[in-house]
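What follows is one structure encoded as structure tokens, with my remarks underneath.
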Amino acid sequence: MSNIKPIAMTLGEPGGIGPELALKAWLSRKDHVLPPFFILSPKTIMDQTIESLGLRVKTKVINEVSQTGKFFEDALPVFEIPGTAQDIEHGTASSKTASIVIDSITHAVNLTRSGTASAVVTNPIQKSALYQAGFKHPGHTEFLAELSGPGTIPVMMLANSQLRVVPMTIHIALSEVPKQLTREMIKQLVRITSKSLQRDFGLEKPRLAIAGLNPHAGEDGSMGDEEIRIMRPAIKALQNDGFDVVGPLPADTMFHAEARANYDVALCSYHDQALIPVKTLDFHGGVNVTLGLPFIRTSPDHGTALDIAGKGIARPDSLIAAIKMAAEMAHKRVAGNAASQGA
Ligand SMILES: NC(=O)c1ccc[n+]([C@@H]2O[C@H](COP(=O)([O-])OP(=O)(O)OC[C@H]3O[C@@H](n4cnc5c(N)ncnc54)[C@H](O)[C@@H]3O)[C@@H](O)[C@H]2O)c1
Ligand SMILES: N[C@H](C(=O)O)[C@H](O)COP(=O)(O)O
């Protein structure tokens, strides 16, 4: 395996389970053979979490990302960002810490885009707390796209060992979905998803399936006509361009085991159509990955879990899966770059 740069992990909502998960992931570094990672956080927040949960973890402030590997064996490396733990209450999200949460993300992106870190792994944010502080983006996905510059089209994909899904529309009201679904948008999402499955997931010819919007995929137009007006022409054009794409399929019958065997990724019309099956099949093994960015970003598939924060019972499985997926993607990119330079 190639060597990759350290992974940059963000703090997420300090009152949620993110800090606990980062510490638990570090504790499992040997069992899971995790690559070196560091967290962007005020050191006091991590130390307070260690103390309140009674975890046997040391932290070590690093001044340079390159020091991560040197200390990772013995301590969780912390790349300090300004802030203190004094406003934090486990189980309560607060807009007072919004600047820490956002700084952690922007620094992680900068370090990754400059090539100092290999990937960004984000801990969950409490969207409502950030909105109260004036954050204008629906979630990480859209914020990361803005940080990446004009023209970036972010594609949210959630994946576990049984299913990959892409919600074609993301954090919008259900009533807005039919307005946002267009032929051009479907074509762009298929192109980005297909390319990423080839480059980052090693699928030579990805098979994509598109879920209809309406019951029974519209039942030939009698229950909605988006399938006829928008989806079928987009799919036909994509097939003509050589993509292995089928649909629109009735969403209710495309997620059982035999149906899932027929495709590598399902592109769904809206958030919950995509995320309910993937989180139901394997909540703790799921990873949220953003395709279409100029850097690698993964995240656990769950949120801040305020109801269990501070209790010491949060499971780090999904964060661990996100670290592993980021590392695998980074290795594939290093190998791909080496191959193209040698060619
Ligand atoms: N990547 C992200 O930043 C991200 C992802 C999803 C949700 N969110 C945000 O998180 C907040 C809370 O969302 P929610 O309540 O819908 O979903 P949630 O995933 O936080 O919680 C749903 C349920 O699952 C449990 N749970 C979640 N993670 C767990 C873990 N690691 N171990 C054990 N149990 C776990 C919780 O205790 C809760 O009962 C919202 O603001 C939402 O927008 C953020
Ligand atoms: N839609 C995601 C989910 O429910 O898991 C989640 O809100 C994360 O979104 P961002 O990665 O954009 O924050």
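Glycine too: its Cβ is placed from the backbone N, Cα and C atoms.
According to TrEMBL, the substrate binding site annotation covers H140, T141, K279, N288, R297. A C-beta separation below 8 Å, combined with a sequence spacing of at least six in one chain, links N288 (substrate binding site) to M156, M157, L158, T298, S299, P300, D301, A322. Following the DSSP three-state reduction, the secondary structure of N288 (substrate binding site) is strand.
DSSP assigns H271 (divalent metal cation binding site) to a helix. The divalent metal cation binding site annotation in TrEMBL covers H171, H216, H271.
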All-chain count of other Cβ atoms within 10 Å of H140 (substrate binding site): 24
Where H216 (divalent metal cation binding site) sits in the secondary structure, as DSSP reduces it to three classes: helix
DSSP three-state assignment for H140 (substrate binding site): helix
Inter-residue Cα distance where the pair is H171 (divalent metal cation binding site) and H140 (substrate binding site), in Å: 11
Residue with minimal Cβ packing [other Cβ atoms within 10 Å] among the binding-site residues H216, R297: H216
